[in-house]
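Student: I'd like to ask some things about the structure below.
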Amino acid sequence: MDASKLPLGSFVGTTLLLFILYKLVKLAYYVGQAKNTGLPYTIVPVLETEFLGKLLTPLIRPLFTSRLSRGKGWPRWIRFSILDWAWEEKRRVHEELGDVFLVVSSEGLICYTADADMSWDVMNRRNEFLKPRDKYKVLEPYGPNVATTEGKAYNFHVRITAPPFNDGSGANDLVWNEASDQARALMESWSQENTTRDLSLDINRLTLAVIAYTGFGKRLDFKTEVSDLRNKIPPGYKMSLHHALHLVTTFMVKILLIPKWIMKMTSMKEIAVAHGELEKYMREMIRTETANLSKDSEYQSADAKGNLLTSVLRASAFEAKAAGRKQAFSEDEVLGNLFLYLLAGYETTANAMTYGFITLALRQDLQDRIIQEVDGVYAEAAAEGRTSLNYTDDFEKFQYTYGFMYEVFRLYPGVCIITKMVPKDTTITVYPENNSPQQHVLPAECRVYLNVNAVHYHERYWPDPWALKPDRWMGTIGATPNARSNKKVVAGDKSRQVRGTLMTFSGGARACLGRKFTQSEYISALATVLREYRIVLGEGMDAKVVKQEIDHLAAGTVTLAPLKYVKLALKKRTDVKTG
């Protein structure tokens, strides 16, 4: 019978039946693959990576807010279908299914792992475990970068983007000084109003100002109001650089996920304009700095010596000369990496600092210890005739503060899942506790998701994992000389010894290049604030509720962020009774 003559109802029913059969056949195929691996597995109707999962997530999340805030996690029937479910689950699912297991649907397989040794192995085999293109393409709104490239392209990018973060480049000194300056501006602003403030807004302002200066050499006053950002538009532009930066960083998620042509047709038109204008500004800056360097290879910005833009262009020119080419990075590649610096240097750092400030407001005992250390470092500087701190002389002195920072990184990692995939059948090694290593073969196209939260909250690697203990980063090594170099071992050295057990900055062959840049900004800003003030909860904030919600809920941004409602206050240390 001619299909075109079938009744509509019969046609729809037949089509639906064929679709279901097609899905069942695919599911049976992938279940067979899962069985062949020898790993435990569970079957779900929809994976978090599928379009339907991404569509359902914003609709379903609000329905379970109360349950999630109590630390109950997701119901079993829905958890693997929710995008970024791992934060709310912590280790719960791995306690049920094991440290390494598969999730199977009709669209494929995902291998989730909370095995630190396996994770370390995966992160070091970067040519076998690749980044899924669909997950990382969104990080290229302006061009390819060191986070999205693979193989030879990655090697090329890292040769140019790594040198700007070395201590000798001046970038870490620059970010230390600018973070301290912006923190002082923050304190002045808070002290003048003498009230509780929107913490997330102020921390975001601070980190935006820091990355604008250290990234592009452009000064942004912390106290600049949003209304003022609209002024001073140069000829040929539709908005000021600062306004474009403000909009792009504020609406980063929309810019990464929504096509520009859709934004232009909706109420998000101004965001689309900011996206385009920021690109225009950055291209102009690239061309100006390139021209300056072509005249003088040792050129440095008079104000922002060591800024990332100039450093990347210089490294690119050096790479080109070494390879006998006219240029190394294209303009798009420079632009792509500048955007990555903006994303990491603004959003990731802002969220990490926000979690730190909230934690100190909740834990005055920790704040006491950090203040004691801050005062001690300032006293040492004064004995040397210095009135201020700097990166070179003082960064490594903040042992307890460093430990606190890393505990915040552990408990509230910016990225909850590190995503990989295998392009061909690949052997993995699983390391069960108290058992011999076991090998399993993952089929081609299987995704491998390193569950950062499940590792960071794993008692096998972190005794009493829910407790924030800065001392765990120090122990006896903080005061023990290194026998080979006679150099004092600092807490930072221990962070390099926990292979695979701390993945805030990823790890292995593709560890974050800017981790020390972030650490410098974090400690500088915190030390500057705590030199004069204490951080306390704002009026009306319930400490128990705040703690419960920062541990179990998130704002749903590009990286992990707390809910926006938390209010804090700065109080002069002399005005706050402790003990």
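Glycine residues also receive a Cβ, built from the backbone N, Cα and C atoms like all the rest.
Features from Swiss-Prot:
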- Cys512: heme binding site (BINDING)
- Asn194: N-linked glycosylation site (CARBOHYD)
- Asn292: N-linked glycosylation site (CARBOHYD)
- Asn390: N-linked glycosylation site (CARBOHYD)
- 6-25: transmembrane segment (TRANSMEM)
Student: Under an 8 Å Cβ to Cβ limit, what residues of the same chain, 6 or more beyond the ends of the transmembrane segment (6-25), are close to it?
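Tutor: Sequence-remote neighbours of the transmembrane segment (6-25) are 106.
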Student: As a test of the contact definition, list every same-chain residue at least 6 positions from the residue listed as 'heme binding site' whose Cβ is closer than 8 Å to its Cβ.
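Tutor: Sequence-distant Cβ neighbours: Ala344, Phe505, Ser506, Thr518.
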Student: I need the CA-to-CA distance for Asn292 (N-linked glycosylation site) versus Asn390 (N-linked glycosylation site), whole Å please.
Tutor: 29
Student: If I restrict to non-local contacts, at least six residues apart, and a C-beta distance under 8 angstroms, what lies near Asn390 (N-linked glycosylation site) in its own chain?
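Tutor: Those within reach of Asn390 (N-linked glycosylation site), by Cβ under 8 Å and sequence separation of 6 or more, are Asp173, Trp176, Asn177.
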Student: Which state, by DSSP, holds Asn390 (N-linked glycosylation site): helix, strand or coil?
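Tutor: The residue in question, Asn390 (N-linked glycosylation site), is coil (DSSP, three-state).
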